[in-house]
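What TrEMBL annotates here:
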- 12-32: transmembrane segment (TRANSMEM)
- 57-101: region 'Disordered' (REGION)
- 61-73: compositional bias 'Polar residues' (COMPBIAS)
- 80-91: compositional bias 'Polar residues' (COMPBIAS)
- 92-101: compositional bias 'Basic and acidic residues' (COMPBIAS)
- 169-258: region 'Disordered' (REGION)
- 225-235: compositional bias 'Polar residues' (COMPBIAS)
- 236-245: compositional bias 'Basic residues' (COMPBIAS)
- 265-324: domain 'Death' (DOMAIN)
Amino acid sequence: MANNSINALTLVVSWILSTVTTLIILAIIYSVRRCRRAAKKKRRLSGQPLTRIESMKSERSGVTSISNNNDFGSSIHKPQGQTSRQISMESDVSRMDPAHSRRRRDDVLKWCNMHNLPEKVADCLRDAGFVTYEMLDTLRVEDIGNLNLPSTGLQCLLRKTLEQIQQKQIQKERINSSSSNTSSQPNLRYPNRLDSSSSVMNVPPAGVRKGGGRKRSMEGMQVIMDNSPSHSTTQKSRRNSKPVRRTSDPHGFKGMLSDQGLHEISTELGREWLHLASLLKVKSSKQEQIRMDHPNNTQLQIFEMLKHWRNTSNGRKEQLKGLLHHSLNMLDGKCLDYSHSPIPVHKIRAKWYQCAVAHKEWSSIRDKNQLKSSQNL
């Protein structure tokens with residue numbers, strides 16, 4: 001019985017001793033690893049260079065450390081959008097799968113080949129911890145001093161490449177900002193096409209082409225500003241009126257009578273303009289509409305009538321002869337009675353004379369109507 005108890009006690013003591021020894025060994029290992037980590041962290045913060053083994057470990061774990069530079073200091077770069085847990089998981093995957101670390105190294109080679117950089121630059125970037133595209137995007141010109149490039153030529157080449165990349169990024173940001181500013185304008189189909197008065201120009205939508213001509217759709221167009229003084233035509237009146245083709249003249253006169261010329265003529269005529277409108281074959285309905293639109297402005301009534309005649313009949317130099325002929329006949333008292341006109345007749349004659357000379361039609365009209373020169377007027 002005594003021998004059995006001694007053997008049992010011996011087993012218990014040996015088990016206790018083995019357990020204590022194991023715990024002591026584990027504690028020593030843990031303390032050594034903790035001291036190494038503290039020393040590594042201290043070297044990183046102080047800017048001392050890491051050993052080759054430590055740099056390889058940091059490369060596997062996805063933590064980039066840039067050191068060995070007194071000018072720019074040292075910093076630890078981590079991939080954007082990743083936590084420490086994700087980085088540790090990535091390091092575990094890289095240890096288990098060698099192909100994963102090989103692919104990350106291939107990213108650096110692809111980036112260098114894309115920018116025509118030698119393999120030595122790729123090795124230096126890999127040693128510094130720039131092993132993925134996300135890390136390479138964060139590389140700046142200021143970080144070149146932190147890389148252990150073997151020559152100044154490689155430094156200049158890498159600096160030039162990074163400057164070109166930064167310029168391209170700045171250009172893209174400017175283009176994106178300008179496009180966002182133009183697209184922010186509301187209720188404009190063509191936001192870039194604005195005239196000097198900030199009014200919408202006559203920019204029709206895409207027209208439908210049939211045959212050899214153009215067919216412009218007026219749908220969706222806003223108010224079209226006309227070149228006449230303080231006058232605008234709406235979409236309905238613009239669609240109802242006939243199109244007018246404007247041609248240039250070698251003497252500086254556009255084939256059509258200008259709005260300014262019609263405005264000057266309207267200021268010289270009297271209130272009895274309906275007879276002139278009938279002679280110019282302006283419909284009575286249009287005459288009544290003009291009178292209703294401008295009941296208290298005779299000058300504007302005459303201007304609108306002359307403008308309607310010009311737009312509907314394509315009034316040119318040839319038809320100007322008829323206009324002047326009828327007007328001169330009216331001045332002679334054959335058609336109109338200017339007894340109620342607020343402007344003297346001789347002023348009206350002189351104005352018509354100026355208009356005729358401007359269009360080089362006075363000589364033929366003077367022979368037909370037997371008028372004297374402007375000096376005798």
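Glycine is treated like the rest: Cβ placed from N, Cα and C.
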Tertiary contacts of the transmembrane segment (12-32) (same chain, 6+ residues out, Cβ under 8 Å):
none
State the mean pLDDT for the domain 'Death' (265-324).
74
